[in-house]
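Colleague: Shown below is the structure under consideration.
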Amino acid sequence: MKIINEDLASLKRLVQTKTQQLTDLKVESAVREIIANVIKNGDAAVKDYETQFDKVTLTDFKLSQTVIDDAYNNLDPQVKDALLLAKRNITSFHEKEKATGFIDAEQPGVLRGQKLMPLNRVGLYVPGGTAAYPSTLLMSALPAKIAGVNEVIMVTPPQVDGINPAVLAAAKIAGVDAIYQVGGAQAIAALAYGTESIPAVDKIIGPGNIFVATAKKQVFGQVAIDMVAGPSEIGILADDSADPRQLAADLLSQAEHDRRARPILITDSADLAQAVSDNVTSQLKVLPREAIATDAVNEKGFIAVVAKIEEMFDLMNTVAPEHLEVQLKNPTQYLNLIKNAGSVFLGRYASEPLGDYVAGPNHILPTSGTARFSSPLGVYDFVKRTSFIQYTKDALAKEAPAITTLARVEGLEGHARAIESRFDTYYD
């Protein structure tokens, strides 16, 4: 794993360059065509794309409840227990995110407030094949259910041998209302616009490949989306108290996700940097997903050596990683130095996969530097806020002069006259 010793300004330029994402114009065009076809031809277009891309011919998109129940009932008990533990912890954490509206009646004759309402229907995209992650389904569906979403539906690519049983079991555990065997950009189009069989949703949640991500970008505005997810990232801050073998293992835990994944270590110890690099090399040789992880390490990964701890945090805040591990002496004392990170793991026993599965905080996180302005998925992503006001005549009379003055300053005479009509002033 490459080790970089440069000044802080040069390192910042390096990480910003590595964060930049290029638009693939061919993908943009192909996805635009898929969406237009689904809008025009509905189920027929979706079936054609499933035959073309997933090599599966479907007569019915919706999966029967019998198939879902069988997957749950026949699931390995150890896997089922792990999913149920994850559900308990995810639920207990996200229950604490629930917010309430408010009513303000402090001013005489004035009632103001805000009410929170759950979305009516959301769609969860769950990748298929080797990227079928039941944990991600729990992280998507459970906050929606806690928020009170009326209907949670799931789409996932059909498989020749059937959908991953653990994913189906997780859907049942999380209370998903319906599952449709549809994948790719055509699934996103179906969720956004609806077809004869698949209902349109209010928001689309979940990661996918570049076609799914591009489709989510293109349908945004017709529906809400959670985020446009990029490759997985891990940033680790470590001093000489950290174990280089553990640091290497944590870096590889994300590198094995994707050839474009980004594993980064920033340290003030040159000796630790070399030890971690050596351990990454040796651990890669025995990793089942060696080829994928090796590409990620070589193309996107690096170890940066800086002069002091403050520079470590300064540089990492520029990275704004999806996952941030702080493996320093007394890590909690540095929480106030963390400005940009999707999720933070403090100390050597808070290894990143703990958050992936059972700790409880959501693992659907901002990537590609978007932790500068974005947050993890949560209950708040499945509710909308609506404000309301009520005034008595006397209360309106008190504020009418200010309203009409501002309306006329903005050249909106009709606004002013609407207020004046409440006091029998008309311009007929």
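Cβ atoms here come from the backbone N, Cα and C positions, even for glycine.
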Colleague: Among Asp177, Asp314, Asp356, which is the one Swiss-Prot gives for the Zn(2+) site where Gln254, His257, His415 also bind?
Modeller: Asp356
Colleague: State the count of C-beta atoms found within 10 angstroms of the C-beta of Glu322 (active site, proton acceptor), not counting that atom itself.
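Modeller: So the number of other Cβ atoms within 10 Å of Glu322 (active site, proton acceptor) is 29.
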Colleague: Can you check which residue among the recorded positions His323, His415 has the largest number of Cβ atoms within 10 Å of its own?
Modeller: His323
Colleague: Near Gln186 (NAD(+) binding site), which residues of its own chain have a C-beta under 8 A away, given they sit six or more steps off in sequence?
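Modeller: Correct list: Ile34, Val38, Ala45, Val46, Tyr49, Glu50, Phe53.
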Colleague: When you rank Gln254, Asp356, Glu410 by Cα distance to Asn209 (NAD(+) binding site), which of the binding-site residues ends up on top as the closest?
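Modeller: Closest candidate to Asn209 (NAD(+) binding site), judged by Cα separation, is Gln254.
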